[in-house]
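Have a look at the structure below before the remarks.
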C-alpha cells in the first residue's frame, strides 16, 4: 500500500473509477423548496402570534444564511465517499459539537479504538486489490461495517464491539460459519500433519470415525485460535466476509456455499503467494470468475434462451436443482468431494491455500444434484404428518372396532367371542404400523437413495414389517380357531397380549418423530448426522414453563378430544352400525365409517381452537392487555408510565421534572395527530399540556384535563369512534405491559426499514381521486373516502380554508363579503378540497387521499415517524443540547437530524425505478424531496456492447441528497454495484429484497410491505422493541474466552413479531372479515404459539436480527413457485437453525387488506397454493419428521393443520351428501319399522328395518359439521370481548351474521381447500398480485361465473342435486342448514357483489352472459366462453412450444403440464370411481320391483343410453356441420359472421339434444321425481368422467392461439400456420368439440339456473339500498349515488333492458315448463313404445 501514489485511493474523489461516478456533495440549500419543509405537506403551519406550543420544531424554515457562515462548506454525506485521507482540514458550523466531525462517532480516537478508520480503509483497499472486488461494492461494504461497529460501540467498548461482531459473523458459538465448518468436518481437512493428501485422509477418517480427533478437542482448538487472533485479523476476516457477501447476488440465497467461498478466500489470503503478489487484480474479477458461473447454473436451471429472451422452462420442482439443493452440497464432506474441475481433478485434492485460484475452473454442471425431490403428490402429507394420521386413524380403529361387534360377529350370532373382540380391536396397531410403512415407502421417493442417508430407511422398513407381523398375525390364528370348542384360554391370552402390543406400538409411533428412529438425526452424537442437526434440527430450547405449557396444552386438547369423541362419536355409532350390518348394504356402511372418521379429525381442530383461545386469553390477562383493567386508570397513569417505560431516564440528571419531559412527548403525539387531521383544534386544546402563570408568578405546566378529570367519557377529548381514540387507547393500554428498559438514544443500535416495491401506487393522482374509474363504480374515490372518514375530511377542509385565507391576505385579495356568499365560496373546499387548482392545493388533497388509501406514500410517511421519534427522544433526554443551541434553531435541527440519520435508515427497493413512466417518476421524485433521507435501491440495466451477450445489471442506491445529473436528468448514484445477471429469477419479492439487502445498515431490519402504516407514538417505543433481541447488556467478557458462558450459549433471537392493525376493517363486511381473520391469525394464535415455541410465520411489521438472517440465506427464500409465501420460509429456516421467534403485544403497525370479494379470494387462493407448495418443501419434511411431539403438534395445527382442516370440512360435506344419498335409497325402498312414542318397534311387521338409530346418527353428524363451521367465529368474538368489551363484541358479531358472513366463510373454506388440492396435483402456483383498491365496483355475472365456476360453483351444483334427492327421500329439518351451506357455494360470489340486485344491471348482465357464451368463434375475443373453457383444459394438456406470435396468445397463461401419474389418478380413475358410486346407488333403487310388482328392465342399459346419447348426438351433428363448413366456408369467405352462425347452430342443437334426452329419461322413470334426480346425478357423473377421459387421453398439447377453433367453424384450414400438423388437427379438434358441446350446454343451463335463483331478490323494492347497507355498512343517507348516464345512454339502456327482459322471461318460462308441465300432467302423458319397455 505504501508504495502506491495517493491518487490510487478509490475512496478519494479525485479520480473517477470505471464503475462509479466521482463523489457528489450537496449543500444544505438544495434540500427542497419551502412547501416540502413541513414533512407532511397536507398540514398547516400554525403561524402567527397564537401558535400552539410546537415541540417537534418542524416548521422552522431552513435559514438560508447557514451556508455563508462556513464559507464553501459542504456536508460530507458518509465517510465512504470522502475518506479522511483525502479531505482537507475540517471546518464548519458543527466544529463546536463534540463528535460531530466523525460520521461514525462511537468509533473515534478518544474511545481507545483497537484499529483506526484509516487502517480499516487500508484493509478494504488491500483486499480489493488482492481479490478483484468492485470499488463501489468495497465503498458500500466499508460503510456497512463502519455502521455496524458504530452501532455496537455506542453501547459497549469498541474492543468488545469488534469482538462480538466477529463472533456473530465468523467464529462465535452461533456464527453460521463456525457451525458449517464443523458440520462439513473441515476441521479434519485443516488438521496438521495430513498435508500429504488431505482429501483421502479425510474421507477415510469420516468412514472409520476415528476417535482420535474428537469433536471437543477440535472445538477447543477453534476457540483458542479465535481467542488469540489479533483485532487486525478479526477485522480483516470480517471485511473479507462482507466483500464476498456484498457481491454474491443470488448466491446469497445459498449461505453454506458462501461459507465455502469465504473459506477458500481466507485460506488463500494467508498463503505466501497471495502476500507476495504486488500488482492489483482488475476490478470485477471476483464477480466474473467466482459468482457468475454459480449464478449461471442457478439461472439455467429454470430458464432457457429463446429468441434472445429468457423463457421459463417447463419443469416442475423435482426436476430443478434449486437454491436448497445447491446449498446442501456444501453441508457434507462427501458433497465437497464431488466438486470437480474441468480436468476432472477434485477440488479437495488441492491444498487449501491454492483452492481459491482454482475456483473459476470448477465445472458446476457436473457437481450439483437434487438432495430432496419436491414431487407433486399427496404422499408428502403422509410422510411429513404421519404422526397425525396415526393418532387419528389408529385410535378411531380402536374406538369403532370395539363399538361395532356386529360387523365381525359370526353369521348366526349377534356378538363375537371374547378373543375375537380383543383381537379385532387390536388391529388398530396394525393400522398404525401400515401407515408408518407407507410413509417410509413414500419417503424413499423424496430422498435420493444414492446419498448415504437412505440406509436408516431400510432398517426402519425391516423393523416395521416385524411389528406388523406382531400386531396383525395373531388375528389370523384367532380367526382360525374361533368357534371351535377349545379347552384352554390360549386364544384369549393371545388376543389380550396382541392388544397391549398394539397399544404400545401405536403410542410409540405417535410420539417418536420418524427422523429419530434408528439413527437419531436430531440428538445423536455421530458425526454423520452433524450437518442435518446443525442446519435443520437445532431447534431453540424452550424455557421450563413454556415447555410445561406446551405439553399441558396438548394433553388437555387430546384429553378432551378422546373423551368427547368416544362418547359422542364412537359409542353412539354402535347402534346405527348394528342396524346397517343387518341390511347387508356394505357400501353404505363403509361410507358411514368414512364419514365418522372425517368427523373424528375435525373434532381435534375444534378442541384445538377452544384451548388455544383459552390459553391465549389467560396469557393476555397475565401480560395485562385486556380492557377489563379499569378504563380511567389506564389514562390517569399514562404520564407516569411514559416517564418510567419509554424514557431512558436513569442516565439523566435529576434537575428536570418528569412532568416537563412527559409533556414534550405527549404534546408531540397530539400535534402529530392534529397534523394528520385526526383531531380538530378544540380537541387539541383539551389534550395538550399548557404553560400557565402560577400563583407566585412562575410559569408552570398545567396537565391536560384528559389526564386529570377523566371520567371514562372519551367523547369530550376526541371524535367518537375515530382513529385518534383507537390509537391513544391502544397506546395507553400497551404501556401497562412489562416492557424492556430503553437505552439512551446515542447508545441505541442502528436499524433499517426495508420496503420492497414493485408497481404499487406511490401517490394517487388527481384524476384517480376525483374521476370514476368506469361505469360500474358509481362513486369517486374521494367521495368514498369522505364517507369513511368524515371527521378527518372536516378537519382537513378547515385547515385548507385557514391556509387559503392566509395566502389571500398575503396577496391582498381578501374578501369582506357577507356570510351567505362565503358559504357558497366554501362549497368547492367541501367537495374536492381546493378552490384554485394551484399545485400546492391539489397536492394537499392528493396527499390527504393517499394517506387513507393503500399507497407507498402512506408507508413512507408512516415509517419516517421513526426519524421524528428519535429526534424527539434525543431532544427530550438531552436538554443540554437545546441549551447549547439556544438561539440557533437551525443548528439544533441539524444536530437532531444527524442523530436520527445515524440510528435509522430507510430503504425502499424499487425494482422498476429505472423503467418508471413519467407519472411514477414524478411521484418517486416527490418522495425523495419530501423525505431526503429516504434511500431508493433499484435495478439499472445496461445493454451489452457485443451482440448476443446478456445485458449488465447494476444494483443502484440513491437518496434525496444525491445530485441530479444535468445531462440525463437522473440522480447520480451513491453506489452502483454490478450484479452477476438479472436477479429476478423467482417470484420477485424475495429477489427484490435480496438485491437491496446490501444497502441495509446497522444490526436490525424491519421488513415492511408497501401497504402499511406507522404512527409516531408507536415509533417512540423503538428502543424497547430492539431490547427484545436481548443484545443490550452484553457482558465485558470475550465471547471466545467463555465458551459456556450462558449469555453466549443461549439461542439468539432471530425474529420479533408484532401485532398488525388492519386499517381497512371499517370498510364493510368483507373488509371486516379480512380484518377479523388477521386479528385471530396475527394476534391471538401467535400469542400462544410464540409462547410455546411454535410461531413460524413472520408477518410484515416484524423485526429481524439482520446478522443472524443474512448469514443464513437472507430474509426470505426465492425459488420460483416453491417459495411463493416467501416469508414463512425465513421463519422455518430461522427455527431449524436455532433462532428464537418472539411475539410482542405492545407494538402495532397498520396494514391494509384486500377488500373486494374477488381480491380477498385471490389472496386466499395465493395462501392456499402457497400452502400447497409448502407441503412439498423440505422444510416441512424436516419439521414434520424431527420435531418432538408437542412442538410438532403446535407446528401442525398452527400452520398446515388449518388448511388440511378446511379440506376435511369440505370433504365432510361431500361424504355426508353421499351418505345421505345411500341412506335415502334405503329409506325409499325398504320397509321401515313403525315405532311407538318410546321408540319400541310395534309388533306385526315381519322383515322390517328399524332405521331410527341411523337417523339419529345423521342428526348428530349435521350438528358436528355445524359446530366445526361456527367455531371459526369464537376466537374473533372473544378477542373483541377482551379488547373492546362485551357490547362491542356482540355488535360486531351481530353485524357479521346480519351481513351473511357465514355464507362467505363456507365459500372461502371451499376456495382454500380447492386451491391447495389443485396445487398439490397440478401445480401452477404463482404470485397473484392481490388488488388493493376499494371494492365499490360491480363485477359482471360472466366474470364472476368464469372465475368461480371451476373452484366452487360446479361442485356446489352437484351437491345441490344430491341434497335435492336426500330432501325428497329423508326430510328432516336439520337439512335446512345444509341447504344454506350448499347454496353458499353456488351464490356467494354474486351475493357479495355490489349492486348485484339492481334490476337494469341484472338484465344487462344477462345480455352480457348470452353474448359471452357465443363470442370468439369468428374473431378472437379477450373474454369469451370458448377462452374460459380452453384455459381450464390446458392444466391437463399443456401448451405446444411453438412460438407463432399470434395476438390471441396473450390470453393464455403459462401453466406447466401435469404429470401423467397425476392425470391417470385425478382425471381418469377418480371420476370413474365417483360415477361408480352414484350408479351403484341408482342400480340399488332399481333392483326393487315397481309398485305393480313388475321387475324393472336393466338399469345399466337405461343409464348408458341416456348418458352416452347426447355425446353421440353431438358427434353426429358436428360431423355434419364439419362437411357443410368445408363446402361453404370458402365460397362464403366474404361473410365474416359465417363461423359464428355455424357455431350457434351447433350449440343450439347440442342444447336441444341434451334437453330431449332428459325429458325422455324422465318419461322412462314414469315421471317419478326422486328417481329422476338420482338418475341425473349418475348421468352427470358419467358424462363428467367421459369428458375428463377424452381430454386426458386423446388430446395432444394445445396451441397458444385459438386458430383451430376458428378454422373448425369457418372450414378454412389452410394458411393458419399449422404446418405439418394440418391433417391431424381437425381430428383433434373434433374430439375437443365433442367435449365442448356438452360443456357448453351444461354451462348454459347452469348460468340460467343461477340467474333464476338470483331473480327473486331483484324483484323486492329497495333491495339495492338494503344490499349496499349490508355490504358497506353505510346508512341509506350516506349511500353511494346511482351512476350518471347521458340521455343517449339512458335511452339505449332502457331499450336493452326491455328487449332482454322479454328474452329472459321466455327462456325461464321454457325451462320451467320442461319441468313443471310433465309434473302437473304426469298421469295424462303416456306413450306406448316397445323399445321404451326394454330400457
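Glycine residues also receive a Cβ, built from the backbone N, Cα and C atoms like all the rest.
From a predicted model like this one, the values you see are computed outputs, not experimental measurements.
Among the ranges 341-360, 461-480, 521-540, 541-560, the stretch that TrEMBL annotates as transmembrane segment is 461-480. Residue ranges 1447-1467, 1468-1488, 1573-1593 are listed, and TrEMBL annotates 1468-1488 among them as transmembrane segment.
Annotated by TrEMBL as transmembrane segment, the relevant range among 1624-1643, 1644-1663 is 1644-1663. When each of the listed stretches 378-400, 420-441, 585-602, 1540-1564 is scored by C-beta pairs under 8 angstroms to the transmembrane segment (1204-1224), 585-602 comes out highest.
Within its own chain, the transmembrane segment (1540-1564) has Cβ neighbours under 8 Å at 1413-1414, 1417-1418, 1502, 1506, 1509-1510, 1513-1514, 1517-1518, 1521, 1524-1525, 1572, 1575-1576, 1579, 1609-1610, 1633, 1637-1638, 1640-1642, 1644-1645, 1714, 1718, 1725, 1727, 1732, 1735, counting only residues six or more beyond its boundaries. Remote same-chain residues near the transmembrane segment (1362-1392) are listed as 1069-1070, 1157-1158, 1213, 1216-1218, 1220-1221, 1223-1225, 1227-1228, 1255, 1258-1259, 1262-1263, 1266, 1269, 1300, 1302-1304, 1306-1307, 1310, 1341, 1344, 1347-1348, 1352-1353, 1355-1356, 1569-1570, 1573-1574, 1577, 1650, 1653-1654, 1671 (criterion: CB distance under 8 Å, separation of at least six residues from the stretch ends). Ranking 420-441, 492-512, 1468-1488 by CB pairs under 8 A with the transmembrane segment (378-400) puts 420-441 at the top. Counting residue by residue with DSSP, the domain '1,3-beta-glucan synthase component FKS1-like' (232-344) contains 74 helix, 10 strand, 29 coil. Remote same-chain residues near the transmembrane segment (1468-1488) are listed as 585, 587, 1218, 1221-1222, 1225, 1228-1229, 1496, 1499-1500, 1503, 1571, 1574-1575, 1577-1578, 1581-1582, 1584-1585, 1588-1589, 1592-1593 (criterion: CB distance under 8 Å, separation of at least six residues from the stretch ends). The average pLDDT computed over the domain '1,3-beta-glucan synthase component FKS1-like' (232-344) stands at 90.
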